[in-house]
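Colleague: Pasting a structure here, questions to come.
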Amino acid sequence: MTGTTLVWLRNDLRIADNPALSAALKHGMARAVHIEATDGRLRRRGAASRWWLHHSLNRLAEELAQLGVALDTVEGEAQTELFKAIAAHGSDAVYWNRRYGRAEREIDAAIKARLKREGIATESFAANVLVEPFEMATGTGKPYSVYTPFWNALKKQDIAKPLPRPRHGETIRPQRVDSDYREADWGRKLGRHWQIGEAAARERLDRFLDELVLDYPGDRDIPRKAATSGLSPHLAFGEISPRQVWHAAQAMAQHAPAKASAIDKFLSELGWRDFNYNQLYHRDDIATVPMVAKYGGLKWRHADAAFEAWQRGRTGIPIIDAGMREMWETGVMHNRVRMLTASLLAKNLLIDWRKGEQWFWDTLVDADAANNPGNWQWVAGSGLDASPYFRIFNPVTQGERFDPAGDYVRRWVPEVAGLPDKLVHQPWEAPDAAALDYPAPIVDLKVSRERALEAFKAL
DNA sequence: TGTAGCTTTTG
DNA sequence: AAAAGCTAC
């Protein structure tokens, strides 16, 4: 008989396909700990993520209790808190699933070294990406810098089959998650839009594959439609693993060949997540350093009033304001509108993309350390295989193309709801524009487009 | 996964 | 006159 194995949970808040948890239960008695780490080198979670985390941990504690596993939740420096938990429970082994940021890897490596010195068994597992970044390299041994060859190589890899839910142990009473978290109005508002936790994630995946995926390629760009999977926050917290998504989707493609090409399109978007994790793994700090060095020379404008108008959804450009308000209200924003709002900030407004990235980090429930900065760098042109600098979205044209009847804009920007379709994306053209309770646009799209082309071309 | 300005084609 | 095609940014 062995002692207690401690499972150190991070962004892997699930029971099924959790290799560290499964291995610990095989080993004998298990306990779990989640440490909200305050290490200075780690990026602090944003406000929307803290809300989601609180509820996700509560759901997980109930699930773990059914397996006889207690979950402790603490806040503090990672190494200190982990060794406190080891001492408190007399653990003789510590397991975790790997993470890929540089600071996280260094912290984990230091802890692993200390565990070895102290004679405590330790093991880490692959769990949170399709293929681990160090398994992916081009023919010349370098990290991929272009998505398409990365994706083609990824598809050829043997993607691990997800592990089943581990067998039940003795059910225990769930721990109350111990934190000073207090539900604020904002959290109650977000709560109207989400079911949190592993079971909800699985239901969402199944419903998407059953009912939505066939129309995904055609409808995914239409923000009015709920045509996307909606899995992003569940993936960000590891309530579902990308391997589970991958294999469920492949099984559906086998079972329903008519859906195969749509499923391939969907999975290629999941592939971007792995591509972003590859960037995170190989670079110092994806959230602050341009992946392509020459973009570091761009002279960003300091325009506080414009930035605040952007944050609050008061730019006077309906589809931009709709997106920013959708994010504030629900904790997510439709993907196409993310591209539009980011392009407006980084290009038309020439405001540093890192400011926008930080706002998204704070307000998105799906804020992800690789995807959020990776996608911002993509839009800003400084990322790997990024959008070319001269691609500057026109939010009027984009609105007319992807929200032709104006439903999306009318939902989030009631000030323009009464305008006819032709004007709803450019209310400033309305004869009685001044009478609307809606700001005039904070930038001239044509002039600011020219300015951005100049600034980027100069690099 | 773009836009704008121009030219050419089409009805 | 509008749609479609082409090309620089």
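Including glycine, each Cβ sits where the backbone N, Cα and C put it.
TrEMBL does not curate its annotations; it predicts them automatically.
From TrEMBL, here are the annotated features:
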DOMAIN    A:3-130  domain 'Photolyase/cryptochrome alpha/beta'
BINDING   A:Tyr216, A:Thr228, A:Ser229, A:Gly230, A:Leu231, A:Ser232, A:Phe266, A:Asp366, A:Ala367, A:Asp368  FAD binding site
SITE      A:Trp300  site 'Electron transfer via tryptophanyl radical'
SITE      A:Trp353  site 'Electron transfer via tryptophanyl radical'
SITE      A:Trp376  site 'Electron transfer via tryptophanyl radical'
Colleague: Looking only at C-alpha atoms, tell me how far A:Ser229 (FAD binding site) is from A:Trp353 (site 'Electron transfer via tryptophanyl radical'), rounded to the nearest Å.
Modeller: 26
Colleague: Tell me the residue counts in helix, strand and coil for the domain 'Photolyase/cryptochrome alpha/beta' (A:3-130), as DSSP assigns them.
Modeller: 57 helix, 30 strand, 41 coil
Colleague: Restricting the comparison to the recorded positions A:Leu231, A:Trp300, A:Ala367, which residue's C-alpha is spatially nearest the C-alpha of A:Trp353 (site 'Electron transfer via tryptophanyl radical')?
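Modeller: So, of the listed recorded positions, the one sitting closest to A:Trp353 (site 'Electron transfer via tryptophanyl radical') is A:Trp300.
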Colleague: Going by C-alpha distance, which of the binding-site residues A:Tyr216, A:Leu231, A:Phe266, A:Ala367 is nearest to A:Trp300 (site 'Electron transfer via tryptophanyl radical')?
Modeller: A:Ala367
Colleague: Could you state the CA-to-CA distance between A:Tyr216 (FAD binding site) and A:Trp376 (site 'Electron transfer via tryptophanyl radical') to the nearest Å?
Modeller: 23
Colleague: Would you find the one among the recorded positions A:Tyr216, A:Trp376 whose Cβ has the most company, meaning other Cβ atoms within 10 Å?
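Modeller: Per the Cβ count within 10 Å, the most buried is A:Trp376.
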Colleague: Pick from A:Leu231, A:Trp353: which of these recorded positions has the biggest number of other Cβ atoms within 10 Å of its Cβ?
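Modeller: Neighbour-count leader: A:Trp353.
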Colleague: Would you mind checking how many other C-beta atoms are within 10 angstroms of the C-beta on A:Ala367 (FAD binding site)?
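Modeller: The Cβ of A:Ala367 (FAD binding site) has 25 Cβ neighbours within 10 Å.
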Colleague: Can you see whether DSSP assigns A:Trp376 (site 'Electron transfer via tryptophanyl radical') to helix, strand or coil?
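Modeller: The three-state answer is helix.
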Colleague: Quick one: give me the count of other CB atoms within 10 A of the CB of A:Phe266 (FAD binding site).
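Modeller: For A:Phe266 (FAD binding site), the 10 Å Cβ neighbour count is 25.
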Colleague: By the count of other Cβ atoms within 10 Å, pick out the sparsest of the recorded positions A:Ser229, A:Trp300.
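Modeller: Comparing Cβ neighbour counts within 10 Å for the recorded positions A:Ser229, A:Trp300 gives A:Trp300.
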Colleague: Should A:Phe266 (FAD binding site) be counted as helix, strand, or coil on the basis of DSSP?
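Modeller: SS state of A:Phe266 (FAD binding site) = helix.
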Colleague: Using DSSP, would you call A:Ser229 (FAD binding site) helix, strand or coil?
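Modeller: Once the DSSP labels are grouped into three classes, A:Ser229 (FAD binding site) ends up as coil.
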Colleague: For the C-alpha pair, I'd like the distance in angstrom between A:Phe266 (FAD binding site) and A:Trp376 (site 'Electron transfer via tryptophanyl radical'), rounded off.
Modeller: 20
Colleague: Between A:Ala367 (FAD binding site) and A:Trp376 (site 'Electron transfer via tryptophanyl radical'), find the distance joining the two CA atoms and give it rounded to the nearest Å.
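Modeller: Between the Cα atoms of A:Ala367 (FAD binding site) and A:Trp376 (site 'Electron transfer via tryptophanyl radical'), the distance comes to 12 Å.
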